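Structure first, commentary second.
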Amino acid sequence: MTNVREHVYEQFTEQSVLVYLERKGLISDREQVTCREVGDGNLNYVFIVKDLQTGKSLVVKQALPYAKVVGESWPLSLDRARIERQALQEAAKYVPALVPEVFDFDDDYAVTVMEDLSDHVILRKGLLEGNQYPHIANDIGTYLAENLFNSSDEALGPVEKKKLARQFVNPDLCDITEKLVFTDPYKKSDSNSYSENLQETVESLWHDERLVFEVTKLKKQFLTEGEALLHGDLHTGSVFVTAESTKVIDPEFAFYGPSGFDIGAFIANLTLNYIAQQERADEANRSEISEYLLEAIEQTWAVFEKRYRELLLEKGFEERQQTAQYADFVLEKIWQDTLGFAGCKTIRRIIGLAHVEDIDGIEDAAGRLQAQQRAIETGRSLIFNRTVWRSPKSLTAYLKGLAK
Ligand code: SR1
Ligand code: MG
């Protein structure tokens, strides 16, 4: 399903976006506003537009017809702007406080106009500055439970669920994940990117047939299991925070997939931050930050599980779905998938395209190498132990063991 009329689309500049906003009546006088392009992500333009008189501001996000991080050689559908906007609007039905408000949109220009969150910081950045956010586990656990349950067959019934699912067919963005998360890191590939001193580790991973088989199975799940409407890219760069507020942004990878993929993405990124902090934080703060991150991993799952169970028992579409036995069955599957996908997401950030600042920004080369190797090993353990580790305590115990 695509609503974009390609011949209307033009790529905005800081000047032309104001002409557009004025034409749409979203600003009254373009001489009275400032505009800055601040997009530092991999795919889009993000303009912050500020009214000099009222001080009010808004964000204009525009999808580009290619992956900005790679260049025009990797074309991408503009329809992802519609998908992102509709995913934000779906989430706003259940957790309005946890997503930015959408003010306006224009599918022809692949544009969404939304709340400016400049008073927030990106969670990844905040964590790297050593900050702790007391609400993060509760907010993300709630976001995950509400969105994943309320888009599932058990919430909507199979007919309404399929009608919703057809709005979120997202081949180009799924293709990115299929390649960069599940495929390329496990073989020699031009898209891979890792330091020379990791070559031996990486090659031994390529030759680990047992691992490659498990990842191939997880890829099949990603390809075929349309359990819920996913965010699709829920790393710590997709979350804006202050001490009091959490906002999940950027669901352009949204599609119907296995629920554990989103939870795994978030837990993987907390895990990567934990591994990085062992090399980054000074000794005085290391144990406090580590405790905080381990607690956040455990609590995110605990909050998710409790809320998901409540929703299922209360609202399950069929009465026979409203039983503890069925809830245990559903949640056990989501937990195992969470671990498996967390493993894949951890490994891809070390070997594949698009790394994370947590690890790449470790200044000391020996410390960076140690973190990269630990991340790969943790990813393997997550994948292999996904049916063995019965709760987040197993993961956090493993991580505590790494730090010794
Ligand atoms: C080509 S896009 C690379 C990565 O950036 C996004 O945030 C996704 O994680 C994607 O895999
Ligand atoms: Mg993004």
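Residue numbers in this text run from 1 along the chain shown.
Glycine is treated like the rest: Cβ placed from N, Cα and C.
Database features, via TrEMBL:
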DOMAIN    34-289  domain 'Aminoglycoside phosphotransferase'
BINDING   ASN44, LYS61, GLU115, ASP116, LEU117, ASP250, PRO251, GLU252  ATP binding site
BINDING   ASP233, ARG348  substrate binding site
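Distribution of TrEMBL features across the structure.
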{"residue": "ASN44", "record": "ATP binding site", "contacts (Cβ under 8 Å, 6+ apart)": "LYS61, GLN62, ALA63, LEU64, LYS68, GLU252"}
{"residue": "GLU115", "record": "ATP binding site", "contacts (Cβ under 8 Å, 6+ apart)": "LEU58, VAL59, PRO100, GLU101, VAL102, PHE103"}
{"residue": "ASP116", "record": "ATP binding site", "contacts (Cβ under 8 Å, 6+ apart)": "ILE48, LYS50, SER57, LEU58, VAL59"}
{"residue": "LEU117", "record": "ATP binding site", "contacts (Cβ under 8 Å, 6+ apart)": "VAL59, PRO100, PHE240, LYS247, ILE249"}
{"residue": "ASP233", "record": "substrate binding site", "contacts (Cβ under 8 Å, 6+ apart)": "THR177, ASP250, PRO251, GLU252, PHE253, ALA265"}
{"residue": "ARG348", "record": "substrate binding site", "contacts (Cβ under 8 Å, 6+ apart)": "LEU180, VAL181, PRO185, ALA354"}
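Within the set ASN44, LYS61, GLU115, ASP116, LEU117, ASP250, PRO251, GLU252 that the record links to ATP, no two Cα atoms are more than 18 Å apart, and one pair reaches that distance. Ranked by Cβ neighbours within 10 A across all protein chains shown, the binding-site residues ASP250, GLU252 are led by GLU252.
In the three-state DSSP assignment, the secondary structure recorded for LEU117 (ATP binding site) is coil. The binding-site residues near ligand 1, defined by a Cβ under 6 Å from one of its atoms, are ASP233, chosen from ASN44, ASP116, ASP233, PRO251, ARG348.
Shown are the binding-site residues LYS61, PRO251; of these, the residue with the fewest other Cβ atoms within 10 Å is LYS61. A Cβ distance below 6 Å to any atom of ligand 2 is met by none of the binding-site residues LYS61, GLU115, ASP116, PRO251.
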